[in-house]
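J.: This is the structure I have questions about; it appears just below.
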Amino acid sequence: MRGAGPSPRHSPRALRPDPGPAMSFFRRKVKGKEQEKTLDVKSTKASVAVHSPQKSTKNHALLEAAGPSHVAINAISANMDSFSSSRTATLKKQPSHMEAAHFGDLGRSCLDYQTQETKSSLSKTLEQVLRDTVVLPYFLQFMELRRMEHLVKFWLEAESFHSTTWSRIRAHSLNTVKQSSLAEPVSPSKRHETPASSVTEALDRRLGDSSSAPLLVTQSEGTDLSSRTQNPQNHLLLSQEGHSARSLHREVARTGSHQIPTDSQDSSSRLAVGSRNSCSSPLRELSEKLMKSIEQDAVNTFTKYISPDAAKPIPITEAMRNDIIAKICGEDGQVDPNCFVLAQAVVFSAMEQEHFSEFLRSHHFCKYQIEVLTSGTVYLADILFCESALFYFSEYMEKEDAVNILQFWLAADNFQSQLAAKKGQYDGQEAQNDAMILYDKYFSLQATHPLGFDDVVRLEIESNICREGGPLPNCFTTPLRQAWTTMEKVFLPGFLSSNLYYKYLNDLIHSVRGDEFLGGNVSLAAHGSVCLPEESHSGGSDGSTAQSSVKKASIKILKNFDEAIIVDAASLDPESLYQRTYAGKMSFGRVSDLGQFIRESEPEPDVKKSKGFMFSQAMKKWVQGNTDEAQEELAWKIAKMIVSDVMQQAHHDQPLEKSTKL
């Protein structure tokens, strides 16, 4: 396996070959351990040097900086640094087949492609919405229209309470360890020994108990918990801790610099314990305030959302409410950080089942999608993992004669996802048959839709498919990376500047505009009955009627505008001219000069009229009276006279030479 590149550090041994990132990582780790050993040796030498009265003043500064709390904090920091370094090295580690290589027409491989981490910003789950600060305001607006915003606010406050409570408990445990280490009397035989290891072990045990709970970081908007900013308190706690540690070192320096009797040593030790207790009292008070703030936040959340007297209580059972009360008012006087977890699950399920699907179809989510699409940072994952965007992208790829690349990526990614979901419990022969379908279509020498993969990739796919036990879930990883890179580097920039992309945006904007007008009418109907006390009923009704008429007029104008600019393709069909939907029976005849249709063929005399026709004629006579042919002839004569008079006035100089025959 080749290294990712040369080491960024400059050393005198630059001519030596680079050992790779793994060796450089181990070298840094060993160097860090050597520095820690050097610090431990220096601190031990400083503690031993206290016995000599000549060096007491010189080592006074070393004593102030070598307290047990300082060593414990250094140990924690070293562990965190080593963990972060190892994690960074693991993330940067790449197998040999992930090296950058050129794929000809398909471009260069994408080293950052990881299918399990790809997700679209345009399609969200409820958990992603609650943790995303961009889409969360839109979800809050949607829930406010439904008068269910208290569900979202409770979930956010409970999540923030859960995370901050665990951080406060860790800070309280750290302060307790420091107080116990400061208040412990020092024996004459172990007066000059540094209890760094014991403090570190006790701290690890205490923090290990609370590390089982996940520390969730949630950025909630609108939460008003009493004391959520614990950074100033922690800073003050650390400063008090350093002050108490320095007082302890001064006391040790005074008592250890001279040889005094045993009684004097006992009295000085009692004096040191008293001074340490007095110095640790502010630390204890701040720690108590920290724990009281946890209780206060829990009570505030319970009063706002869980109490039966709350303005908008969340939908939970009485048994669950009693369980929350028992966890807040524990027997040991401590608040359980997980007291709201069950209520959170109930609220989450209610939002997901009753509201979230409607939110995804609302104009609020369309507004969020428009914000993402117009932000200027649209990635390929946003397009491929969103159904609506994928539809327009597939049309663009079809116009570019590259739809086979997209179809291969979708099919191969779906195949690998299904195999990975089965976790090794799948039929190898069946999986091999499915993989051979993709191979015959895109990779073989007789492929129906060849994509241009070279022989190296084809041989790799053959070896991955034709293996004992069936193909692995990552058998198409290399061509998937190639197809992903090609779409990302070659086709995505063109799509983002194409007419299809702007059509997609236009469709979203039109849907938002129409839904806003419809939503305005719904909200107006919902709030129209609510009037202010000083307003009369008639005034409120008139105002609501006027507003509704304005809304309807706006909708009518909008619809007319949309209909005016949209050309129906069906209206351009020439065959539609010969379609006479409401035409009756065909008959032969002619049209006179007056526009009268004169039948030339009489109906068959032997055909009897149907009962329906006879009934209609009877009803016509009963309603309109007697309509015989004489009256109809008279009407046509009157019409003829009117037409003749008009013609004579128009052509007064020319006599009427011929008359119109009826």
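Including glycine, each Cβ sits where the backbone N, Cα and C put it.
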J.: Choose the correct range: of 94-121, 178-205, which one does Swiss-Prot annotate as region 'Disordered'? Give that range.
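T.: In Swiss-Prot, residues 178-205 carry the label region 'Disordered'.
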J.: From the list SER11, SER52, pick out the residue that Swiss-Prot labels phosphoserine.
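T.: Annotation hit in Swiss-Prot: SER52.
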J.: Taking the region 'PKA-RII subunit binding' (634-647) alone, what is its mean pLDDT?
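T.: Mean pLDDT across the region 'PKA-RII subunit binding' (634-647) comes out at 84.
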